[in-house]
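Asks: Feature list, courtesy of TrEMBL:
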- GLY9, VAL10, GLY11, LYS12, SER13, THR14, ARG114, ARG149: ATP binding site (BINDING)
- SER13: Mg(2+) binding site (BINDING)
- ASP31, ARG55, GLY77, ARG132: substrate binding site (BINDING)
Amino acid sequence: MVVLIGPMGVGKSTVGQLLAERLGVGYRDTDDDIVAEQGRTIAEIFVDEGEPVFRAIEKQAVQRALTEHDGVLALGGGSILDEDTRALLAGQRVVYLSMDVEEAVKRTGLNAARPLLAVNPRKQWRELMEARRHLYEGVATAVVTTDGRTPEEVTQAALDALELKDA
Ligand SMILES: Nc1ncnc2c1ncn2[C@@H]1O[C@H](COP(=O)(O)OP(=O)(O)OP(=O)(O)O)[C@@H](O)[C@H]1O
Ligand SMILES: O=C(O)C1=C[C@@H](O)[C@@H](O)[C@H](O)C1
Ligand SMILES: [Mg+2]
């Protein structure tokens, strides 16, 4: 199993699918699992029930995916906020995809599907990263910078960082 973590828009879903193809394994994404299970979008869950309820749903989804799946697994950007989830990640191969704030605004700006960045993306992204950077770094076994790299280049860098060869 290879687990991908990192902030919204860093490319977990894009790179996760490429990485799974390169390794010849399945791809799974906990955000997609939640949408399928709940029958509504992540933004709708945030609006209807608030972030704490979303985090509880997410925690279950991550636990289930880590147990059921063997392949590439992309986690929701905020899943590492949960202490039990961080404990579950110990012993896994965890790749932290990182980027700087300008890249983040380019990739996520003005996208209402990401409720945590809806109002002032640059400021909100900085604040999120202040709170989370050490959590991402703490659970990561490899850190891969995505700034100025294409998704294919990021995928190759992740394979190199993990010392994994294609299937
Ligand atoms: N290396 C890259 N260079 C440029 N654009 C990228 C790169 N990787 C992803 N993108 C683009 O950035 C956007 C966000 O990518 P993606 O949805 O894969 O991120 P994510 O980490 O899964 O986000 P979320 O946490 O919201 O699910 C997409 O429009 C994607 O095409
Ligand atoms: O970073 C976050 O807190 C989030 C990231 C996305 O993957 C989604 O799980 C949701 O938009 C929240
Ligand atoms: Mg995604």
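Numbers run from 1 along the shown chain.
Every residue, even glycine, has its Cβ placed from backbone N, Cα and C.
TrEMBL does not curate its annotations; it predicts them automatically.
Since we're looking at a predicted model, the values are computed, not measured.
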Asks: CA-CA, which of the binding-site residues VAL10, LYS12, SER13, THR14, ARG149 lies nearest ARG132 (substrate binding site)?
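Replies: Closest candidate to ARG132 (substrate binding site), judged by Cα separation, is VAL10.
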Asks: Of VAL10, THR14, ASP31, ARG55, GLY77, which binding-site residues come close to ligand 1, meaning Cβ under 6 Å from one of its atoms?
Replies: VAL10, THR14, ASP31, GLY77
Asks: With respect to ligand 2, which members of the binding-site residues THR14, ASP31, ARG55, GLY77, ARG149 satisfy a Cβ distance under 6 angstroms to one of its atoms?
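Replies: If the test is a Cβ under 6 Å from any atom of ligand 2, the answer is ASP31, GLY77.
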Asks: Nearest by CA distance to LYS12 (ATP binding site): which of the binding-site residues is it, out of ASP31, ARG55, GLY77?
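Replies: Given the candidates ASP31, ARG55, GLY77, the nearest one is GLY77.
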Asks: Cβ under 6 Å from ligand 3: which of the binding-site residues VAL10, GLY11, ARG55, ARG132 qualify?
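Replies: So the answer is none.
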Asks: Including all protein chains displayed, how many Cβ atoms other than that of THR14 (ATP binding site) lie within 10 Å of its Cβ?
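Replies: Cβ-Cβ neighbours of THR14 (ATP binding site) within 10 Å number 19.
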Asks: Taking the Cβ of GLY11 (ATP binding site) as the centre, how many other Cβ atoms fall within a 10 Å radius?
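Replies: Summing over all protein chains shown, GLY11 (ATP binding site) has 22 other Cβ atoms within 10 Å.
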